[in-house]
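*Asks:* Dumping what TrEMBL says about this protein:
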- 1111-1122: compositional bias 'Basic and acidic residues' (COMPBIAS)
- 1123-1133: compositional bias 'Acidic residues' (COMPBIAS)
- 1192-1201: compositional bias 'Polar residues' (COMPBIAS)
- 1583-1603: compositional bias 'Polar residues' (COMPBIAS)
- 14-103: domain 'Ig-like' (DOMAIN)
- 108-191: domain 'Ig-like' (DOMAIN)
- 196-279: domain 'Ig-like' (DOMAIN)
- 284-415: domain 'Ig-like' (DOMAIN)
- 420-503: domain 'Ig-like' (DOMAIN)
- 508-592: domain 'Ig-like' (DOMAIN)
- 598-683: domain 'Ig-like' (DOMAIN)
- 873-967: domain 'Fibronectin type-III' (DOMAIN)
- 959-1060: domain 'Ig-like' (DOMAIN)
- 1245-1336: domain 'Ig-like' (DOMAIN)
- 1473-1562: domain 'Ig-like' (DOMAIN)
- 1607-1696: domain 'Ig-like' (DOMAIN)
- 1718-1813: domain 'Ig-like' (DOMAIN)
- 1096-1133: region 'Disordered' (REGION)
- 1167-1207: region 'Disordered' (REGION)
- 1583-1604: region 'Disordered' (REGION)
């Protein structure tokens, strides 16, 4: 210690002798804790200089040592005590001194800096280091294994800093490493990234001789599997090839080399490889069998042959002449056998024949080494004899020896027998002490491997046994000997062995820790302790020379190697020296007993307070020492009174107050009074705070709710859970637990009910956190739904709804016509009082009328709001009939009835005589009326107004002025009808004499008969004749021959024609469909378009058929009224074709709800009732007497009839199964119409432009061109009159990539006239277009024109039949397109199933039916339609046995046309099912029909099953299932209800495989935009997909009624182009889903966050990204990733920032390229792996253009966009294969991974989860 010595000089007075200073108070022994402060005090009798010493060392004042002297008081203070400060201290004053012992209580070393997790690469170096609070020995471990320094491991410790260094890391080094110091430890994990193995030694080129063995060697940096290759061929072990690998050493051996083995050999390890070239030297061929002398007879044949060692070319000679093959000489060689054959021998053939060879010098070799003569080797050669001599043989001389002569050689093997092995020096027995080391040695006669054994068991090397061998010397080292190591040890080498015995003796017991001097207070207990080297050793305790025995005074304890002596109730007599004797050693220490002094009766107590509070330390002495100083110390530093510290000393009580506690106030405090000290610790804890508070929980009834709170520090004692301020008591439904010593507190509530909803509160001291528990009932019920309301415009409307439980107003939504009512809408006010919700409309307006819906979770209720206003004027008012005293008016209901329905109509008239409007009818209920009582000859105007609850609206004025006819006297008496009877099938002639000049017409009823077909009109002088051929039941009726100017003239000649009794066809008359029914497949489209005509004519409809009466009491009167009204009806009548052409028919709307609900029964009834004789609605339409006046019937409220002949319907008629089937087919046709139309338009090829009828001149060049669009490659064919054209000199056929198909006809001639057809096909089907080409100079133009008109009319009729029966939907297809459409598979008609087959060309229409009655009915309808149009046709029925019946309709007198060549079948070989068109998502109104259609192909034909939400469907009244033989399949739901919502799947299966397609059905309940959980009602599997374009592939559970709704992108992001500096660029996205989806924004793969430059706005389902003050840096790809617990969705768009002067950026898209959305061919699945593993997610995706693939990971509402440079991930792509590789998987990799494939056509998503086991999660 350093310091200075202070000297005090006292002046002496002369004559006065001074006495030496003495110590009046000596030093006292002190005990202090390491790191604290120790103070030693003494007092002198007078002031004098002193010197302080520690032992013999003089102390000096320094940093830690203070020497103080205040008068006679001397003080030594040592701060920051260390263990080395312990010892004896002395204060010396002259010859006087006082001493005391300072004892230091060592504090255990603690880790101030722990180990940290490290990650290193294989082969590198890593250092783990930690720091202790002080220097102390440590121990390093890996797992449970203790580490020691070695070649690769270094253990260093510099003071308190400890380091572990590991070099040349290997994978096995990974693991948990710990550093231990006493009871303290710190651990960390070392992770090793494996490096790929590399070749540390490459292959080297080798050269070997043929037949020898070649060996190729290489070495890896570590053991790893390899692959050997020769060129591109992978080698396998075989007879001649050996593949060996010894850890990192790889070897390839090739035995018996041949020349073909030469080449390049490679060793491949992963991406690493090494190569070398093997050269094989060919050995020269030698003769193994030579030529032999031959003798033969002249004229015979001789053969000379020899054999070589291997195949080689040879040369035959005769003498010096080389022989060649010729007529008599044959040279043959079969491998190594050579032959010479000579035929027809002559004398000149005799001679010497040979094959030449060459010889070289002689050399001796051994093991590829050249031998030369030496001390032990002699080489001798005597002529042809060669000799090698080797003397003094050694084992190394063994081997193969060869003698080479040129290319020839001979070899032999020399074997050396070694002398026997012996032990020169055997093992020697030895004796060693336990715990020491023993060595057994022996010496061999030569180095050999040996085996050590003990007691017959072979020994293995380990930490304590180490076999060593150096040359002939062998040694076994035994460390840390134990008793079990004693025994016999044997060293064996071959058959020789030597043994010795090892004896282990007990080691003498020694003291590992000696006794230490102790000092105790009187009355206390002294503890003397020591530690022995061996446990269980008996010891003897002595005090001085007196042996001690256990008693009340002395207690002797021995635990393991520790022995203790306890001296209880110590007094002064117990002081002395105590000895512990083991027999071999002794340990002695002194025990001192301090006399009693005043002690602390109450010691200081440890305190713990929060920051900012007050700490109080208090102690009390056993007695009062007056004037005794009280000293307070903190960590050895004296404290003084101030604002921080307040000290009190009252009597024996001492108190310290610490104000305003801070973290630095923590520590150890001591109170020192009169040499007595008491100590205590003060801990300052931070205020407890909530790290993670409670969160609101919403659970279903019967579920569980978990609340969790995490505090900043543990709290166990003072915490409470409250439910609505009531304490929680643990029960079977409530569990309270805490973890991590009170840091995390959990409350689990079970079996919850709706009434359990409450506020949950957690209290811990002054820390409070709360959340709400909401328990949803299984079904939220509507107790009182809203009621319909009708209010006047401008008035208030109130709606209310009462629920079964309380729902906050924010969780409920009101909808008006499907649009949510916003809280800030000024027109509406939404309130809620508990479970009672109200909606107030402050001022009703007409646009508010409609459906008001209330939705809260799964409860939905609706009501109608009617806003009453004045109705609109009626429409299309007109006069439809008149007489001399009455007028019949008709009109159409107004567009708007004012909201409350119509009460009726007010009809007024204005006579010209008065000029004033007069009321005719106050209230007319129907849209027609008869105004009678009018004056003949008077002129009138009329107007009609609609009357509603709010009053009468504006009237509509009839445009025409009506003048009634003057009376002409008595009406002429009509001529009596002439009755005629005719047999069925015969021809009928009706003759009429014409008296008046002028045009004459024939009428059937009131319809004019057009000549043609079966009707012919002949005119001969004054006689008119009507000829009806093949008379049938439908031709019955009244026929008139009248002047054209007055068809209903009384002078007309009338005939009543009926069939002869008994000649009627046995098959009942067929029903006639309305004309528009034959004109369009969807019967309801034109039904609405012709509504006004139906009302006026009262033609039977699907709605009115059921009202047909069975009685006919007023038929005659109704017939007369119909005749009166016939002129008006015939004037206004127009066919549906004309309506569609003029635009009057609206074909865009869907069928009405009433018509859809009419369904099959009413249609069947109509067909059956219309099937009665004479009931044809068509006949009534064209004027048959059976047609009644609908207007008069309505006015008189009489039932309608359409059947003039008597006859009632019977039950048998209504149950005819053939009629049921026909009705079902027509019903299915209109139900599947729109869906099929969309599918066909999307999939099949469609013509964008076509050619029309063309006229060309002879010699011209004719060009016909079509442009087709298709999603697949197309093939075009051109046909003329059904014959395919080929590309040649006359016809030039071109097909361009843009879809243009052209035909060029050069040098047009008369033969080129005809019908040209362009037929385009793709993999989805085919389509055709035809037109006619006329060439000038053919037949007369009049005939051509007439024929053309007939052809056009026939084609229009064919189109009407076509649209009625076909299933293809697009109305834009060409008129001549064949029915066998592209998406219905093969062009060759197959066996008909339960469907009609249709085909047509310009002359012939063929329709196939299953049953003959059905075909006859249809033939009757078609005949009536063609007759109505005036087209002569020939209809024939062709029975085809079990195949059904085919109707053939041909134009009269026209030759049959050549049919089109069938389209070749698309599939001719066996194949698994493939869906050419897939199911499409459908959304339909409640109560409407819907159809799911698809087309599947496969060979053999697949069987098909339909499923809904995984449940198989069977055909019944609700589901109609149909299919055709061309692969088309259809599922029809006749009337959709909410329970039909879900996912429908069509599964096709055959022997080659299985395929399926699915789609979703959504039912529109007129309020579809719910933003709450009401979207997922209990009736639905209501999740959405984005449709066909987005091609989202979300497989898995089809019904998600309990899980939620998949995120759906309702409105996609759209590309934006702005200029730099634009104030705002806004991306907008609308999404739906339940639970509410989370949305994440990205730009070029980087996540975006809100800032001053970028704003993110979320308004319910609408999400916006706003970029302010756009710059060029903002350009890029913006993406939105949407997810919830059910799934995910994705959308992206481009932002292009382009200035006015910037070059225009055009997308590099190929306009000719077809767009195909991405589709996953292979997907990845969820995985669970162990921590540290490596995995790969792989997908295979296709699409056009090639999709771009992105990877994302989502975990805990955080999304990571994974790119090429994302740490921990590797992204790889190759063609259609894409992979994401994860190396060394850890907890940071856990989550849900999504692969997004996108291109211009759409996106596809694939998701799966990764769970990492072995990770600890909070």
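The backbone N, Cα and C atoms fix where each Cβ goes, and this holds for glycine too.
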*Asks:* Which of 14-103, 284-415, 1245-1336, 1607-1696 has the most Cβ pairs closer than 8 Å to the domain 'Ig-like' (508-592)?
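*Replies:* Ranking 14-103, 284-415, 1245-1336, 1607-1696 by Cβ pairs under 8 Å to the domain 'Ig-like' (508-592) puts 14-103 first.
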*Asks:* Would you list the DSSP helix, strand and coil counts for the residues of the domain 'Ig-like' (196-279)?
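*Replies:* Grouping H, G, I as helix and E, B as strand yields 3 helix, 47 strand, 34 coil.
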*Asks:* By DSSP, what is the split of the domain 'Ig-like' (1245-1336) into helix, strand and coil residues?
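*Replies:* Going by DSSP assignments, the domain 'Ig-like' (1245-1336) contains 3 helix, 54 strand, 35 coil.
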*Asks:* Average the per-residue pLDDT over the domain 'Ig-like' (108-191) and send me the rounded value.
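*Replies:* Mean per-residue confidence for the domain 'Ig-like' (108-191): 90 out of 100.
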*Asks:* If I count Cβ-Cβ pairs under 8 A between the domain 'Ig-like' (1473-1562) and each of 420-503, 1245-1336, 1607-1696, which range comes out on top?
*Replies:* 1245-1336
*Asks:* How does the domain 'Ig-like' (1473-1562) divide up by DSSP, counting helix, then strand, then coil residues?
*Replies:* 3 helix, 57 strand, 30 coil
